[in-house]
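First the structure, in the form of structure tokens, and then the observations on it.
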Amino acid sequence: MLLLCPRPRSGLERDADLQLLLVGGELLKVRSSSWKKNRFYKLQEDCTTMWHESHRTFKRNQTFSIDEIESVRKGRQSEGLQKHTEAHVEDRCFSIIFKGRRRNLDLIATSAEEARQWVNGLEKIISNMKKLNSQQTSEHWIFNCMRKADKNKDNKMTLKELKHFLRQINIEVDDMYAEVLFAKCDKSNSGSLEGPEIKHFYDLLIYREEIDVIYGKYATTGEQMSVKDLLNFLLNEQREVATMEDAVRLIERYELDDSAKQKNHMTKDGFLMYLHQEEGSIFNPAHKEVFQDMSQPINHYFISSSHNTYLMEDQLKGHSSTEAYIKALMKSCRCVELDCWDGAHGEPIIYHGHTLTSKVLFKDVIKAIKEYAFKVTLTLTHQGTSEYPVILSLENHCTLEQQKLMAKHMISILGSALLTSPLEDQMPTAFPSPQDLKGRFIVKGKRLNKLDAVFSNTSPGVEEDCVSEEDEAPYAKENTHKSKIKLAKQLSDLVIYCRSVHFSGFEHAKDNQAFYEMSSFKESKAVNLAETAVNAFIHHNMTKLSRIYPAGSRTDSSNYNPVPLWNAGCQIVALNFQTPSKEMDLNQGRFRSNGVSGYFLKPDFQRYPGTEFDPTTLTKGPWLKRKTFHIMVISAQQLPKLNKDKCKSIVDPLVKVEIDGVPADTCSKETRSIENNGFNPMWNETFQFDIQVPELALVRFLVEDYDSTSQNDLIGQYCLPLTSLQNGYRHVPLLTKHGDVIPSAGLFVHLMLLDAK
């Protein structure tokens with residue numbers, strides 16, 4: 001066997017669509033109305049890399065990995081294709097959407113059939129890669145690195161190529177060790193490794209001592225683990241509620257050796273395969289689906305929310321785009337912001353007013369929201385979005401005529417999905433639930449009259465002056481004078497369950513505000529209330545919705561810490577989704593659970609009247625469920641190189657474990673750094689955290705490249721609710737700063753969350 005040969009393609013070898021991609025072909029690349037050029041594209045033999053020609057002086061040929069693709073869209077479904085192409089080429093168009101901030105690749109095929117084959121072929125590859133477990137992904141990554149190190153493509157590996165390969169996989173070894181390793185594998189003394197010798201080298205490379213120790217402890221039946229041994233491991237080490245049938249099922253699913261499977265045994269390879277599956281992941285597989293009660297009033301949930309959703313970058317001169325809405329919605333954001341202003345030619349626009357940010361048409365944004373709010377779309381990281389309601393938070397600066405057009409666009413484009421009247425036949429007294437509102441759009445904004453008028457047929461009379469909720473422009477003066485606008489009845493009538501009102505204090509709200517009347521708080525005001533009147537804030541949020549937004553001074557679109565606001569029961573804690581940050585890691589972690597639905601049920605003590613919960617003092621109450629969290633950071637696998645342009649650049653990784661929750665629980669601990677080893681560093685360091693309020697705690701893993709002279713660089717991160725982790729030996733996936741999975745990388749840890757004594 002030659003290890004440098006391409007990996008089998010799981011039944012796609014004879015697929016006609018895949019064959020087209022492997023042969024390649026010319027596609028018209030579109031960047032603007034005047035820049036449209038033919039370029040040759042071809043899928044490489046590894047079926048994970050796309051090659052394309054480039055006419056740049058120093059980059060004649062370029063590649064990108066299938067891993068970098070977020071999704072593929074058929075037709076004129078990108079902002080670029082809609083703007084720069086005509087409707088008659090619709091069936092020949094498709095777009096490749098990349099993760100992070102990389103520009104979309106807009107392409108036009110020579111025929112509709114060819115476009116269909118490109119889209120189908122790419123989607124089949126993405127689907128196939130998505131089905132790979134982390135062990136298979138890891139193997140494929142190593143094979144690809146070996147292939148790249150084989151400079152003369154002879155399916156052999158010289159000592160020089162071996163050293164190059166080791167640097168590629170992020171491990172630095174001295175020449176003597178490399179020579180010893182090479183000699184150990186070069187049984188033929190030919191000066192190069194081939195066939196079985198490369199296989200021997202690969203086996204030495206991927207050997208994991210920690211797996212040997214764990215497996216050896218439980219494998220009491222000769223050199224293999226019996227079904228009884230496996231059950232013993234599941235019960236005592238993984239602390240799972242498991243039966244003999246569960247152990248048999250794992251052997252049937254993950255054991256590769258047929259003879260072992262017939263005996264109901266699990267080999268070491270099968271055991272490692274199991275540990276790399278979702279059953280061996282840190283994240284509880286049951287929480288990948290919606291598991292919470294979704295029939296509670298909508299204000300009983302934390303809601304994943306975006307601020308300045310239209311921006312791709314900063315809020316001074318950043319680009320406004322429908323793509324920003326699509327990316328947020330595809331991350332199951334359920335509350336998006338529309339900052340609406342008068343546009344040319346009578347069409348309302350969205351942008352950050354009085355700044356240099358670009359503008360996008362209101363109707364184009366509504367079309368994008370309609371298309372992607374509830375759309376099931378295949379990506380490498382997850383499939384689809386949430387089916388639960390989306391709140392359209394309007395920041396209205398338009399004149400009456402353009403407000404009427406806004407209302408017309410929402411009604412005509414969103415159709416029956418737009419909520420235009422209460423669900424009940426009589427005046428409601430509480431919010432409906434996310435379950436009741438599945439697939440619906442809820443408008444948040446100003447309203448001319450009380451909701452009771454819907455049932456009493458009371459006319460609101462003439463349009464009234466309304467004050468804009470937010471005054472975020474960086475030029476704004478610190479004074480109480482805010483611009484007033486008149487409100488059109490047509491737009492007012494679309495506001496049902498989220499009527500925006502000014503906040504005048506908790507007592508005033510209790511006595512005067514209806515349940516559907518909600519306030520928006522700027523960051524500083526909300527943080528102050530969460531510090532000085534947190535119990536009153538919690539009680540306020542039991543019957544009403546609260547939205548928090550970043551300070552206008554954050555012109556770089558940076559974020560604030562959402563955790564203290566969640567502790568205060570605030571539901572709509574809006575963040576700048578376009579800005580990678582710890583705060584966005586925490587947001588992704590908070591909403592990773594409950595099926596990535598964008599809704600997460602608040603704990604009982606934040607929902608029911610009479611609670612005395614105060615996250616800052618923690619008096620006795622049902623919220624105190626003290627836990628002791630033991631964690632051993634054992635090892636990491638295949639951490640990415642940060643400076644890929646420098647062959648000899650190897651990371652010095654360390655791991656930080658952070659708890660974010662109530663102040664008493666917030667804590668961070670870190671391992672030592674391992675010098676020059678990003679491939680298989682091992683720490684075996686143990687930490688203990690004492691947790692007071694586990695239901696509000698998040699665990700964040702952070703892997704950094706240590707630097708003694710400057711700030712450490714991020715290698716990868718992962719965050720999840722403490723209540724969603726599994727005990728025992730677990731693999732932790734790692735994500736980029738943008739929240740995308742790093743396919744081959746991960747941590748291996750041992751966890752134990754126990755009731756405190």
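The backbone N, Cα and C atoms fix where each Cβ goes, and this holds for glycine too.
Per TrEMBL, the features are:
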type: ACT_SITE; residues: H307; note: active site
type: ACT_SITE; residues: H352; note: active site
type: BINDING; residues: N308, E337, D339, E395; note: Ca(2+) 3 binding site
type: BINDING; residues: K444, K446, S520, R547; note: substrate binding site
type: BINDING; residues: I650, D652, N676; note: Ca(2+) 4 binding site
type: BINDING; residues: D705, Y706, D707; note: Ca(2+) 5 binding site
type: DOMAIN; residues: 20-127; note: domain 'PH'
type: DOMAIN; residues: 137-172; note: domain 'EF-hand'
type: DOMAIN; residues: 491-607; note: domain 'PI-PLC Y-box'
type: DOMAIN; residues: 609-736; note: domain 'C2'
type: CARBOHYD; residues: S188; note: O-linked glycosylation site
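Relative to E337 (Ca(2+) 3 binding site), the recorded positions with Cα atoms inside 10 Å are H307, the candidates having been H307, K446, D705, Y706, D707. The shortest Cα-Cα distance between E395 (Ca(2+) 3 binding site) and any of the recorded positions S188, S520, I650 is the one to S520. Cα of N308 (Ca(2+) 3 binding site) to Cα of H352 (active site): a span of 8 Å. Other Cβ atoms within 10 Å of the Cβ of Y706 (Ca(2+) 5 binding site), summed over all protein chains shown, number 16. Shown are the recorded positions S188, N308, S520, N676; of these, the residue with the fewest other Cβ atoms within 10 Å is S188. A C-beta separation below 8 Å, combined with a sequence spacing of at least six in one chain, links D705 (Ca(2+) 5 binding site) to L642, V651, D652, P653, N712, D713, L714, I715.
Across K444, K446, S520, R547, which the record gives as binding substrate, the greatest C-alpha separation is 14 Å.
E337 (Ca(2+) 3 binding site) is surrounded by 25 other CB atoms, counting those within 10 A of its CB over all protein chains shown. Other Cβ atoms within 10 Å of the Cβ of R547 (substrate binding site), summed over all protein chains shown, number 26. Note on the recorded positions H352, K444, K446: the fewest other CB atoms within 10 A surround the CB of K446. A gap of 19 Å separates the Cα atoms of H352 (active site) and K446 (substrate binding site). The Cβ of D652 (Ca(2+) 4 binding site) has 18 neighbouring Cβ atoms from other residues within 10 Å, across all protein chains displayed. Within its own chain, H307 (active site) has E337, Y549, P550, A574, L575, N576, F577 as residues 6 or more apart in sequence whose C-beta sits under 8 angstroms from its own. For E395 (Ca(2+) 3 binding site), the number of other Cβ atoms no farther than 10 Å from its own Cβ, over all displayed protein chains, is 22. In terms of C-alpha distance, the listed binding-site residues D339, K444, R547, I650 place I650 closest to the residue listed as 'O-linked glycosylation site'.
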